[in-house]
């Protein structure tokens, strides 16, 4: 019983973001389709070779995507929304880009498909759309072509396919409502055809991803698995693959399926290996997801060995990454600026492949010396002063309930704030950022590269802040912002100014399409060595008599959009960040800033996958926000901002944040999101976004007025604010000016009644 290893997938973008550059060049019309396809081929060949060199036995094929793997699956099944179809019914790479982006070098532009988070990760997928009576057929053969490519290169491969039940679960019905699960029998023949094609190519194992099996699924969906897999059995061996959580609650459903193996995430799930071994059919292969595919930390391989060794020789066993390595940066070896101590704590995708090779060899031979050597830096990290700050740990331990309570209730605070700010009805504001022009980006880059000294940099930033204040005063906005010219990214900026974070040069991970992010890494206890935002906020306030908002990113969002530590709980990290930012609130207040916004766009997306785990998360998430804000005096107005999300099921928690004003993204839902606030009888003030900042379109005065009147039917007008959906960082100044002028005019019209 030789143990093999494999990965569930590998990052697609390339070490230098080659895929991103090729996509964007093609979209801009600067390169041909052939040139784009050649970059994809080169990246796939390189990534297979790198995994093989690092010691991986079975290489994943089908994990590469031109935009997103769920979208690739939609095309495979011939699921192309009518608005994106070619006239002759054919499907090509431009069809795929039109669905993802709303436009491509050929074909008519049309609204892009909806995009949403892939389970609880920071990757986004394109939501499949289903209509009644839909037909499916094998259309886009990218998977088969890539299998042929890998076989021609002499690789031992394991194709990767998103399973039929999870695919339907991830989609949405458009038009006339019906149960999308009823389409299962219509898509299964396409899956049968694909598996038959793979069998023809001599493929032994197919990784069929069914991550929906870790969720608390409705019974009808659980019941659908057996007939679905009865239809798919027999052509190749199927490795039923789950990740991001454990499978124990759904194990009865799983063990009844006619598959030949099961992959389990032993990092994020609480499954017990001995229990799994006992309950799985004895002839099944167990793929143990022991290496974390979605973090950057070196694994304690001695611990991983101990976790699995008792079942070695008792059943067929593979060792694997917990999930696809898509969520991890590619290669640690190119990081030249991290100091040796910190660097020794990390492992990126290629290093994780090496870990799988070490683990496989030790399990096959029983010799664990190499594992102990690899794990030595982890033991050292446990005692490092870079990790532990006794002052932070002491302060966290001393938190009391009082620390998360404002001095008085909202009604008392609102009166003090009205007396202080004397704002008109329908007060107007923006969410925080203004257009990040080429000049601003060049200024920051020159400073970062050392081509510009600190004095000249500060003079340049001050000038941009001044321009933003002048623009807002000219437009007639009531509450101003400084525009965030000094910030590259709302999380990175704070991470750079807090102790306990480090940054990489090339730690890019794909967010969606061509967008990549470089998340900060939390390596130790978090504290604030000096004020972060106070100086620029104070400068902006000195330029105007109108209130200027202080702008902070909230603790839960900073946590969710970073790579967290693994040696303490997420709750601990969030509360440490909250304490650091609490001091920032106090300093802003002392500097005369009377309105402070704490953005928490990630509060909802941080929810655990299982609803039964929600309460505990929301409890500490809300507490972290309140610790951050509660130091503010009654007449300091605390705002928060949240992006597009379903609020209904977390309204209690949103109200519990006790922000004086919440601004939300509502324009794309035509104010429907306000239903939750109305039904809940939300007591504080609210600014429903009146136009979509993701589009260059300028909304008319009438359109904005109509939306606000609609909002006033649900929320009393005296509690409504007027603002765009989101920050204006990605927009140009011409459409920003035009849209804000119309927004201010609409508010003035409503004041006149």
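From the backbone N, Cα and C atoms, a Cβ is placed for every residue, glycine too.
Remember, it's a predicted structure, so these values are computed and weren't measured experimentally.
Per Swiss-Prot, the features are:
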type	residues	note
BINDING	17, 18, 19, 20, 117, 515, 516, 561, 605	5-methyltetrahydropteroyltri-L-glutamate binding site
BINDING	431, 432, 433, 484, 599	L-methionine binding site
BINDING	431, 432, 433, 484, 599	L-homocysteine binding site
BINDING	641, 643, 665, 726	Zn(2+) binding site
ACT_SITE	694	active site, proton donor
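Here the features listed in Swiss-Prot are placed on the structure.
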{"residue": "19", "record": "5-methyltetrahydropteroyltri-L-glutamate binding site", "contacts (Cβ under 8 Å, 6+ apart)": "12, 13, 39, 40, 43, 514"}
{"residue": "117", "record": "5-methyltetrahydropteroyltri-L-glutamate binding site", "contacts (Cβ under 8 Å, 6+ apart)": "123, 124, 125, 605"}
{"residue": "516", "record": "5-methyltetrahydropteroyltri-L-glutamate binding site", "contacts (Cβ under 8 Å, 6+ apart)": "13, 17, 20, 508, 509, 510"}
{"residue": "599", "record": "L-methionine binding site", "contacts (Cβ under 8 Å, 6+ apart)": "432, 490, 551, 552, 553, 554, 557, 640, 641"}
{"residue": "643", "record": "Zn(2+) binding site", "contacts (Cβ under 8 Å, 6+ apart)": "601, 664, 665, 726"}
{"residue": "694", "record": "active site, proton donor", "contacts (Cβ under 8 Å, 6+ apart)": "725, 726, 730"}
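Counted within 10 Å of its Cβ, the other Cβ atoms near residue 665 (Zn(2+) binding site) come to 22, all protein chains included. Annotation for residue 431 (L-methionine binding site): spatial neighbours 481, 597, 641, 663, 689, 723, 724, 725, 726, 727, 728, criterion Cβ-Cβ under 8 Å with sequence separation of six or more.
Taking a C-beta cut-off of under 8 angstroms and a sequence separation of 6 or more, residue 433 (L-methionine binding site) has the following same-chain neighbours: 481, 483, 484, 487, 490, 727, 728, 729.
Of all the binding-site residues given, namely 17, 641, the one with the smallest number of surrounding CB atoms inside 10 A is 17.
Largest Cα-to-Cα span within the 5-methyltetrahydropteroyltri-L-glutamate-binding set 17, 18, 19, 20, 117, 515, 516, 561, 605: 29 Å. Per-site Cβ counts within 10 Å over the binding-site residues 484, 605 peak at 484. In the three-state DSSP classification, residue 433 (L-methionine binding site) falls within a strand. Other than 431, 432, 433, 484, 599, the residues of this chain whose Cβ falls within 8 Å of the Cβ centroid of the L-homocysteine site are, in sequence order, 430, 481, 490, 551, 597, 641, 727, 729. In this view, the densest Cβ surroundings among the binding-site residues 432, 726 belong to 726, judged by other Cβ atoms lying within 10 Å. Overall, the recorded L-methionine-binding residues 431, 432, 433, 484, 599 cover a maximum inter-Cα distance of 14 Å.
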